[in-house]
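Below you'll find the structure, written out as structure tokens, and then a few comments.
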2 protein chains.
Amino acid sequence: MMTQRGLLIVLSGPSGVGKGTVRKAIFEEDGIDFQYSISATTRQPRIGEVNGEDYFFVSREAFEEKISNGDMLEYAQYVNNYYGTPKSFIDETLASGRDVFLEIDVQGALQVKSKMPEGVYIFLTPPDLTNLRERLVGRGTDSQEVIEKRVTAARDELKQMINYDYAVENDQVVFAVERIKSIITAERLRVARVFEKTL
Amino acid sequence: MMTQRGLLIVLSGPSGVGKGTVRKAIFEEDGIDFQYSISATTRQPRIGEVNGEDYFFVSREAFEEKISNGDMLEYAQYVNNYYGTPKSFIDETLASGRDVFLEIDVQGALQVKSKMPEGVYIFLTPPDLTNLRERLVGRGTDSQEVIEKRVTAARDELKQMINYDYAVENDQVVFAVERIKSIITAERLRVARVFEKTL
């Protein structure tokens, strides 16, 4: 008998959709014991920040070594500092049986997925994408041109969705949280994962 | 905009696992509006049975024509009568946007899956399969031989599980129902299905 491996849960979506709010609400739920994915950075710790809690604070050399080792699931540079997601920390946490939760932008999520396709990839969508054209037409206040522009913009956002396993509408945070909890419950019951913990 | 196609939900599992009890409990839940899959049969209606509610009562010729048309998702003969699951009824219900729930034995579920692989296939497992060997050894009351026999029998049941999407332990009916509801919620959020109802 093996310990069942934890789930990697990746929450992503367009900027402004409310990923951070939904993530915080999930972590406040009863019975949730996810490890939040801790980023590595080369920037200096601020007062009160704790290494291994807020960030893994590493030197530029150490960060670049992790990149060339393939230990960065994704990374980016801002203001001359690196920020990234170390794979080893996630791997060890999952192996211990604990789930890891990663909230990340769309570019980062794609990088992570290329290295850990076994994760559960959830795309948070704005509430007004579903049935957009129908609603705009029904409302009767927008010109055909405005409707086409809005539908095209929405379609561009939705194109990113195809890389994900699930699409969760963020109409209300409590509903989004319930949907994500159902997804996680269901994913734990997937036969491929259940086999690991039997016999 | 299209109506989102309904889900075909197939609940199966070893005989005696409690499929019927779990199915009844699901249909009694608030907010559940599944169409129960109605079987076709060549046997005579009993008093009080209604065609199109309890069964589709058809002649032997009509049933055999459905078989040769490929309209029987699965069928079997008992006591000189045919019993089977007509595909057209399920297709029409799904196309109308309503979910269809089918409770069926393991042989039937495999036949259905070969024809409608897009369904959600749930295997209900007895509560005592998980970690069986560990628990038997830990209990310390069974000989090594007895333990091996029970583990082998359990392994045979579990082998059927590999054909399903989800495995749900029936430790308590209320828990099994909650798990199945989470699976259905999650499946409705799968990107492949959500795309159908957007733009």
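For all residues, glycine too, the Cβ spot is worked out from N, Cα and C.
TrEMBL: automatically predicted annotations, no manual curation.
The following features are taken from TrEMBL:
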type: DOMAIN; residues: B:6-185; note: domain 'Guanylate kinase-like'
type: BINDING; residues: B:Gly13, B:Pro14, B:Ser15, B:Gly16, B:Val17, B:Gly18, B:Lys19, B:Gly20; note: ATP binding site
| said: What's the number of neighbouring CB atoms sitting within 10 A of the CB on B:Ser15 (ATP binding site)? | reply: 7
| request: Look at each of the binding-site residues, B:Gly13, B:Pro14, B:Gly16, B:Gly18, B:Gly20, and point out the one with the fewest other Cβ atoms around it within 10 Å. | output: B:Gly16
| note | Taking all protein chains shown into account, the Cβ-based neighbour count within 10 Å for B:Lys19 (ATP binding site) is 20
| field | Local confidence of the prediction over the domain 'Guanylate kinase-like' (B:6-185), expressed as mean pLDDT | value | 90
| query | Once the chains shown are all counted, how many other Cβ atoms turn up within 10 Å of the Cβ of B:Val17 (ATP binding site)? | reply | 23
| Remaining residues near the recorded ATP site, that is with C-beta within 8 Å of the centroid of the site residues B:Gly13, B:Pro14, B:Ser15, B:Gly16, B:Val17, B:Gly18, B:Lys19, B:Gly20 | B:Leu124, B:Asn170
